[in-house]
Amino acid sequence: METEAIDGYITCDNELSPEREHSNMAIDLTSSTPNGQHASPSHMTSTNSVKLEMQSDEECDRKPLSREDEIRGHDEGSSLEEPLIESSEVADNRKVQELQGEGGIRLPNGKLKCDVCGMVCIGPNVLMVHKRSHTGERPFHCNQCGASFTQKGNLLRHIKLHSGEKPFKCPFCSYACRRRDALTGHLRTHSVGKPHKCNYCGRSYKQRSSLEEHKERCHNYLQNVSMEAAGQVMSHHVPPMEDCKEQEPIMDNNISLVPFERPAVIEKLTGNMGKRKSSTPQKFVGEKLMRFSYPDIHFDMNLTYEKEAELMQSHMMDQAINNAITYLGAEALHPLMQHPPSTIAEVAPVISSAYSQVYHPNRIERPISRETADSHENNMDGPISLIRPKSRPQEREASPSNSCLDSTDSESSHDDHQSYQGHPALNPKRKQSPAYMKEDVKALDTTKAPKGSLKDIYKVFNGEGEQIRAFKCEHCRVLFLDHVMYTIHMGCHGYRDPLECNICGYRSQDRYEFSSHIVRGEHTFH
């Protein structure tokens, strides 16, 4: 009771007079004794004085404040609040300035943005490390080799290289490594299951990288991607087919690609042993799809067909080589392993042996060159003559192609095409005898050798001035540096007529038209 009175007194009057201080001290000292009894006779007097003081304090508290005191108190309160608000704004501005000084901008979501490249970082430490990539600062250096790093963790990992420490060890084998992620990848090799599975062939792998490598070799996956790409191309590109109605009346107006079927003109050649095989090289698009005439059908090959096109081209090349070997004979490839013959007389036995394997008595003759070939249009059943009368030195002409060299001769006439059908037939009995072959070779040697050898007529030199071998097509007057290309080219000439395409049966008027037909691939089947 007395203590509360003293507190109230102190709050009401900020300053105490000496008399009141003395009275209070007297009250504290004489108020009570250790046994709880009042020892001073003046206790009642002091108690009354304390009560009076308490009443005076209560009256002082109950007095209403004046208008000036309220205004003064309001001003004091506002003056206390304003410094707090100002201090928070200053702190925020200071943080922004610090972040901008570090090269970062505070975003609304609390993250920091690099002012150089715009990279968003989650904190100031990450931003500080990132800024080192722009400034080139590397504060962490290796004491042994001098290597520097932007982060301390990279330095600690580097130090393990010098010490040879490998703290991460496999619990299943003796494998140990310096990095935790390397151990995590190694532990997958011990797992029983293979979580990464190919949806196209069913094979499973433990690592995703192995699955990605497998997809590059998976045929089902590549085929599916190719079919999807082809479907998209065909859905966006529907070629007009009005021009194809004249040549292909069977085709639908909305179909630009049809499954490949063997043409009837080639199907008829399968029963004849001496003629070329029916599997002639064609222009394929995709798998078992054939493209018809170039001017009539428009088709944009997608890039996904690249691998399949390469495989198909190699398959077509094998077919062409096989057809040419059947056409010329297996011994026609011998010049690849032998030195080129010096004279035409030495070439004749090779050609004779090659054509003796494919000749048939019921065929018309096959002209080989202007000195060694002749035909007859009336006698279709006579055997073939390998030697041509020298009085009729005619040969076919053709324009240069992309795969061979062109000669300087540019003569061409329609009479050359008729010269193969205007000579009388020779004696069939004499042609079939072996003695006749030898006599023809000798006649060719005596008539052609004085004019000079083949090397004297055609000489081909490389960039270094060295003479190289060349193979000439007598029908097209074209030189080939590669014997395989020469063999393939010879397989394109027709069996009955050199100017007849052996793929589609098209008959050309001269060698220029024949070469253009072969190069453009305008093979149309009716």
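Cβ coordinates are placed from backbone N, Cα and C, and glycine is handled just like the others.
Checking Ser66, Ser79, Ser191, Ser407 against Swiss-Prot for the annotation phosphoserine singles out Ser79. In summary, of the candidate residues Ser78, Ser279, Ser391, Ser419, the record from Swiss-Prot lists phosphoserine for Ser78, whereas the others have no such entry there. Per Swiss-Prot, the SUMO2 cross-link annotation among the candidates Lys95, Lys113, Lys160 falls on Lys95. Looking up Lys288, Lys438, Lys459 in Swiss-Prot shows the N6-acetyllysine annotation sitting on Lys288. The stretches the zinc finger (471-493) and the zinc finger (499-523) meet in space: the count of Cβ pairs below 8 angstroms, excluding pairs fewer than 6 apart in sequence, reaches at least three. Counting same-chain residues at least six beyond the ends of the zinc finger (140-162), those with a Cβ under 8 angstroms from any Cβ of the stretch are 129, 132-133, 178-179.
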